[in-house]
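Visitor: Here's the feature list from Swiss-Prot:
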| type | residues | note |
| --- | --- | --- |
| BINDING | Asp243, Asn245, Asp247, Glu249, Glu254 | Ca(2+) 2 binding site |
| COMPBIAS | 11-25 | compositional bias 'Low complexity' |
| DOMAIN | 153-188 | domain 'EF-hand 1' |
| DOMAIN | 207-224 | domain 'EF-hand 2' |
| DOMAIN | 230-265 | domain 'EF-hand 3' |
| DOMAIN | 267-298 | domain 'EF-hand 4' |
| MOD_RES | Ser251 | phosphoserine |
Amino acid sequence: MSSHIAKSESKTSLLKAAAASGGSRAPRHSSARDPGLRGRRLPGPCPDSPATCGDPSSRRPLCRPVPRDEGARGSRRGLPQAHCRPRETLPPARGRDGEERGLAPALSLRGSLRSRGRGDPAPAGTPEADPFLHQLRPMLSSAFGQDRSLRPEEIEELREAFREFDKDKDGYINCRDLGNCMRTMGYMPTEMELIELSQQINMNLGGHVDFDDFVELMGPKLLAETADMIGVKELRDAFREFDTNGDGEISTSELREAMRKLLGHQVGHRDIEEIIRDVDLNGDGRVDFEEFVRMMSR
């Protein structure tokens, strides 16, 4: 009798426990059955857990996959990015050698300056050397730029172009041939420029242009073309102005004398040493032509 009562009590307790656990269990797929909950994300743990996910179609990825054409360079085709980091914070692209792309060449050049006896060198662009280098460049621009006079070879170039279009050899070309002459010399004037030029010639020059007028018209264009271009020939000519003894190198005394002539005042010995220290890459205390070119193109 006692054993029968114990079995009944155990069954009763099991039924009560099952009822208690079943009453607290959430209905499965409630979001799919209830129309009011469709399209809403259920709060709770990770949506990938099968115990808490609703309809599999209602799952949302943690990060929107990036289209193929917007993906990061080097990522596998068709796969989303690993995380949603903004594109601006991505590290810069690197080449095969491991160096970052897009670095200015001047950084590597300036970083290659050697250590000097008086301590670390003043990097390019320091206050010690810059004022004088900034004064030297306008001097060369005035010698080879737009505010200079035409050189003999440039005047000869204009003369040859003028002769080619002076068909009757009377020393004049008409305004209609001036546009073709300009195109022959490599200039491409617009129609508006040609109209204005023709009006100027017809009003002031009687419709014809002699050689002096031609030089006055074309000279500024020729100078403007070469204003920002200092070629090897011009740089060698400028280097010879500094290298007075012709040994192929500019010494401290030669640089000081050349700067005195160009700037119109004497430059101190210490300032000259700072300039040479700033541009002397091989450390011999003198400036050769290659270093001079680097100095003027910086």
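Just so you know, glycine gets a Cβ as well, placed from its N, Cα and C.
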Visitor: Cβ within 8 Å of the Ca(2+) 2 site centroid (Asp243, Asn245, Asp247, Glu249, Glu254 excluded): which residues?
Guide: Phe242, Thr244, Gly246, Gly248, Ile250, Ser251, Arg286
Visitor: Run through the Cβ atoms and count how many others sit within 10 Å of the one on Asp243 (Ca(2+) 2 binding site).
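Guide: Taking all protein chains shown, Asp243 (Ca(2+) 2 binding site) has 22 Cβ neighbours within 10 Å.
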Visitor: Once the DSSP letters are reduced so that anything not helix or strand counts as coil, what is Asn245 (Ca(2+) 2 binding site)?
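Guide: DSSP call for Asn245 (Ca(2+) 2 binding site): coil, neither helix nor strand.
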Visitor: Could you pull out which residues elsewhere in the chain have a CB under 8 Å from any CB of the domain 'EF-hand 2' (207-224), counting only those six or more residues past its ends?
Guide: 145-148, 150, 154-155, 157-159, 161-162, 171-175, 178, 182, 185, 187, 197, 201
Visitor: Given the recorded positions Asn245, Ser251, and counting only Cβ atoms in the protein chains shown, which has the most within 10 Å of its Cβ?
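Guide: Result of the Cβ crowding comparison: Ser251.
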Visitor: Return the average pLDDT for the domain 'EF-hand 3' (230-265) as a whole number.
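Guide: Taking every residue in the domain 'EF-hand 3' (230-265) and averaging pLDDT yields 80.
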Visitor: From the DSSP assignment alone, can you count helix, strand and coil residues within the domain 'EF-hand 4' (267-298)?
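Guide: Secondary-structure breakdown of the domain 'EF-hand 4' (267-298): 20 helix, 2 strand, 10 coil.
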Visitor: With a 10 Å radius around each C-beta, find which of these binding-site residues (Asp247, Glu249) has the fewest other C-beta atoms nearby.
Guide: Asp247
Visitor: How many helix, strand and coil residues does the domain 'EF-hand 2' (207-224) contain under DSSP?
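Guide: Computed counts for the domain 'EF-hand 2' (207-224) are 14 helix, 2 strand, 2 coil.
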Visitor: Take the Cβ of Glu254 (Ca(2+) 2 binding site) and count every other Cβ within 10 Å, whichever protein chain it belongs to.
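Guide: A count of 19.
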